[in-house]
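**Student:** When I checked TrEMBL for this same protein, it listed these features:
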type    : residues                                       : note
BINDING : A:R42                                          : L-glutamate binding site
BINDING : A:W109, A:T159, A:D180, A:Q203, A:N245, A:T246 : pyridoxal 5'-phosphate binding site
DOMAIN  : A:4-356                                        : domain 'Aminotransferase class V'
MOD_RES : A:K204                                         : N6-(pyridoxal phosphate)lysine
Protein chains: 2
Amino acid sequence: MTQIYNFSAGPAVLPKEVLQQAAADMLDWHGSGMSVMEMSHRGPEFISIYEAAVRDLRLLLNVPANYKILFLQGGGLGENAIVPMNLVGRVSASATTPAAIDFVHTGSWSGKSVKEAARYANVNVAASGEAGRFTSVPPQSEWKLTPGAAYLHLCTNETIDGVEYNFVPELGDDTPIVADMSSHILSRVIDVSKYGVIFGGAQKNIGPAGLTLVIVRDDLLGHALPICPSAFDWSIVAAHDSMYNTPPTYGIYIAGLVFAHVLRQGGVAAMEQRNIAKAELLYAALDADDFYQNRVEKDCRSRMNVPFYLRDETLNDKFLAGAKARGLLQLKGHKSVGGMRASIYNAMLIEGVQALVDYLNEFAGRK
Amino acid sequence: MTQIYNFSAGPAVLPKEVLQQAAADMLDWHGSGMSVMEMSHRGPEFISIYEAAVRDLRLLLNVPANYKILFLQGGGLGENAIVPMNLVGRVSASATTPAAIDFVHTGSWSGKSVKEAARYANVNVAASGEAGRFTSVPPQSEWKLTPGAAYLHLCTNETIDGVEYNFVPELGDDTPIVADMSSHILSRVIDVSKYGVIFGGAQKNIGPAGLTLVIVRDDLLGHALPICPSAFDWSIVAAHDSMYNTPPTYGIYIAGLVFAHVLRQGGVAAMEQRNIAKAELLYAALDADDFYQNRVEKDCRSRMNVPFYLRDETLNDKFLAGAKARGLLQLKGHKSVGGMRASIYNAMLIEGVQALVDYLNEFAGRK
């Protein structure tokens, strides 16, 4: 096997020991004679896999007892519709005007959320980083929030723009904060109790694409609109332990292996220390001179997704070809913003970041 | 490894060679140095996997050029809402009354479809097998169809009730037929051109849970209701080759391995002959005397899902324990109907059915 380092933004690199375990289990999980893919989701074998995954995730994020952990389908984009279908009924039921949802627009993903939510409610962009071309998180002092909003939606790490929140807003009222943490969940310590809902597609720090994680506070269940499909009604999903319909069983199994792996690595706090070290190493190489450029304000730079540009963009193809030849894969930036992007999720080892930094220095002709 | 035969209704048994290939590819797909789970869905490696899967499925089902093959998420239950969200706009846009959808109620799954569609349209049960406790498909001559209905919904194989259509209705107008084929797709030759939409969860004859297949005729695209999430709007999904959002990439990969396997086995016609032989073997053992009972009318019996009851139901636990001791797994019937159920999908070898028949005879004390 070629030694490669995979900087894909997602689906993304997984811990090698997780893949080794998955390969070993593929035809016969724990002597059952079955692959995990072949198990009834209602049988004792799969139930044990599910329960361990939920237990380990609760431990990793210190999820309070009054929050449910749900496994759904549809990814981040699906959830952008599923969230309002589940939450706008919280305030609009007795009102004569449609519910309002507040958004802070910090990049591509929060932008998609606004668009999708507009199907179900009045959307209010309380603050936007668009004028600055999404290079910072607008400070909370500038947010124009709607009194009585159904919720406030944040994308706490913008995968495409490389912008990450370094604070949790304190709203001073009971408006729930909904956070799309798709691309940085499990990468840093969070206080779940500060949020009403945390959601994310699995395919960055958790497991395979096709699995969506939702962590929701109990009092936010039970408000789904009549047009919300049963499969995506959080209260139905919660009442059936994510098995009202057949869940993505193999994705839950892989996620469970990842959760157990992160626990063995020392948990989220230990991952965060490694992620800080990896990000510092990479940003330092980008900042060393003006050969490369990351345009995000320093205190809003993502530790997970690092977009950068070559000063001379005519060298882009040469840069990517040289990277590939060294086993540094999937560095091309998102088509909407161009340039390069290195995603350095939990499963990216510091050795991979060092290999990239070595190449950055070499390509820039630095001594 | 224990030799077992897995009769789960789904997630269900997969071909052994598919699992062997998946295990071999797990850490390094085709020398790429990546697991399929780690690949960007927009990279050349995954695109080649996706294109092969679509091409092979088109070949297997002889899908006409004016039908799109889509990979979604949400399973059969999700699709029960997604179908009306995509199709009722076809007729209601200019009408003063809500669109109507016709259903033939043949068991548990078509019943769930009626309930879910009622969120979006007037639902009309054109015929029901409920009076006969879902032991037959009501003949088409008895169906009371609605003129101008948005579509007619059929569940052509009822997984829980073990009832399967042995005909395709000819409606005599242009009302599209939507068929939920979750539990018998690829098990028998079908004429796709007779249907407007064919859909199914993958976890019976196709691959892992979490992947949903939709085959839709081009003219039925473009009618989604404004409340339909982008992730589930077939026209958006079709326009982006199932990659508007991140698709369940690993599920598509496994499905592709299954499609290639079925082609090597001689295609769907060859699978159908084997399925006929397997079903005949099993039903003959159930019908041999009155020790066991399958209550479905003979010409409506499913070749895939065979529910049966012991005459003396006090022996149920003993029957299941004896089966398990012989490696005959997951034979307990669905909780809603009780009894037993043997699901004998494509990947169940006739040796497995023979082993079950041997046990049925032994347990019944037959010479």
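Residue numbers in this text run from 1 along the chain shown.
Even glycines carry a Cβ here, placed using N, Cα and C.
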**Student:** So which of the recorded positions A:D180, A:Q203, A:K204, A:N245, A:T246 end up next to chain B, with Cβ to Cβ under 8 Å?
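**Tutor:** Listed in sequence order, the recorded positions near chain B are A:Q203, A:N245, A:T246.
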**Student:** Using Cβ atoms only, which residues of the same chain lie under 8 Å from the residue listed as 'L-glutamate binding site' while being at least 6 residues apart in sequence?
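**Tutor:** The list for the residue listed as 'L-glutamate binding site' reads A:M243, given in order along the sequence.
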**Student:** What is the separation, in Å, between the Cα atoms of A:T159 (pyridoxal 5'-phosphate binding site) and A:K204 (N6-(pyridoxal phosphate)lysine)?
**Tutor:** 10
**Student:** Within 10 Å of its Cβ, which one of these binding-site residues (A:T159, A:Q203, A:N245, A:T246) has the largest number of other Cβ atoms?
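**Tutor:** Output for this query is A:Q203.
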**Student:** Please report the Cα separation of A:T246 (pyridoxal 5'-phosphate binding site) and the residue listed as 'N6-(pyridoxal phosphate)lysine' in Å, rounded to an integer.
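**Tutor:** Distance (Cα to Cα, whole Å): 23 Å.
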**Student:** Would you count the other CB atoms within 10 A of the CB of the residue listed as 'N6-(pyridoxal phosphate)lysine', including those on all shown protein chains?
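**Tutor:** The residue listed as 'N6-(pyridoxal phosphate)lysine': 31 neighbouring Cβ atoms within 10 Å.
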**Student:** Going by a 10 angstroms cut-off between Cβ atoms, which of the binding-site residues A:W109, A:D180 has the sparsest surroundings?
**Tutor:** A:W109
**Student:** At the Cα level, what's the spacing in Å between A:W109 (pyridoxal 5'-phosphate binding site) and A:K204 (N6-(pyridoxal phosphate)lysine), rounded?
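**Tutor:** That separation, Cα to Cα, works out to 14 Å.
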